[in-house]
Amino acid sequence: MSGLLCYCRQGFEPELAAELSARAAFVGIAGYARTQRNDGYVLFVCDEAAQLAAKLQWRELIFARQKLVVIAELKGIDPKDRITPILAALEGQQRFGDLWVEHPDSDAGKPLASLARSFGNALRPALRKAGLLTDKPQPRQPRLHICFLDGDHALLAVADSADSAPWPLGIPRLKLLPEAPSRSALKLDEALLTLLTPEEREALVKPGMRAADLGAAPGGWTWVLTRQHVHVTSVDNGPLRAHVLETGLVEHLRADGFHWKPAQPVDWMVCDMVEQPRRVAERMATWVREGWCRNTIFNLKLPMKKRWDETRLCLELFEQQAEKSLIVRAKQLYHDREEITVLAMRG
């Protein structure tokens, strides 16, 4: 068995399968997607999995929470001895720097969580005894993933820690603080963690910077920016939570965020408005083209059908109309729903 294992939001398997198929074809690697709706993962079967993984960077994949290279598929595992067949399948492999035992984030996968936890504790010492796992986590070495699809069915896969999600299941465990104005704050928190590298965050999100938040009410995204000590112009006809205004970093303008433009360029423009995705893509492109912002993070609400087609169309429309040299990344975040979050920054 050779291929890529990618986790996704339950119900978005067709979109991830279409994305992997399109991207593999673009780089000239043949393969096919194996999945069923609501599995919470897609297995892209191909002979050149390592080469494909190197060409498809994790941050560039839209619908994939995690990207792994499959090295074995084990079926019919004896529940009384799962360790022996795993050690046999790993014979000849290099030493791994860490072990994550996982399951898909799906209705069928979640009942396997307790098995994953307990089996990980049993497997670690066996791997170390066999010389297959370092004594302590070594992030510079490949990471071993065991993904249980059922009690007797598992996929063994490898991750490059520099090109994969740094969280089990590809899900960042963010806590909604009591003072957050809305749950949407988690979207921007996750976007900053996922779409930007640590070095990019340090360089591009600094105290004293200026931002515009379009469609800001009740202030979730504005609040996230103020916690980074960024000055925010929050544009919305609706009210902001009082404690957001009390930071002293926020100017609230009662206006239509879709048509407002700043008097001076800002470092960041963020937008989480409920609007047709193509209209949003066009308006965001105008902001970039006119030089009203240097960088932007915005959400595109996807239709119920043809979501991959709409995603491609909107991103192509944005890049064509922006008329700038940009680095564009998009993700369906864990805290997103029927939407994707897009980052565009000056190249």
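Each position is counted from 1, following the chain as shown.
Keep in mind that glycine also has a Cβ here, set from the backbone N, Cα and C atoms.
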Name the one residue among Asp163, Asp256 that Swiss-Prot lists for the same S-adenosyl-L-methionine site as Ser184, Ala217, Pro218, Gly219, Gly220, Asp236, Asp272.
Asp256
Looking at the binding-site residues Pro218, Gly220, the one with the fewest other Cβ atoms inside 10 Å is Pro218
Looking at the binding-site residues Asp236, Asp256, Asp272, the one with the fewest other Cβ atoms inside 10 Å is Asp256
Is Pro218 (S-adenosyl-L-methionine binding site) helix, strand or coil when read with DSSP?
coil
Mind giving me a neighbour count for Gly219 (S-adenosyl-L-methionine binding site)? Other Cβ atoms within 10 Å of its Cβ, every protein chain shown.
30
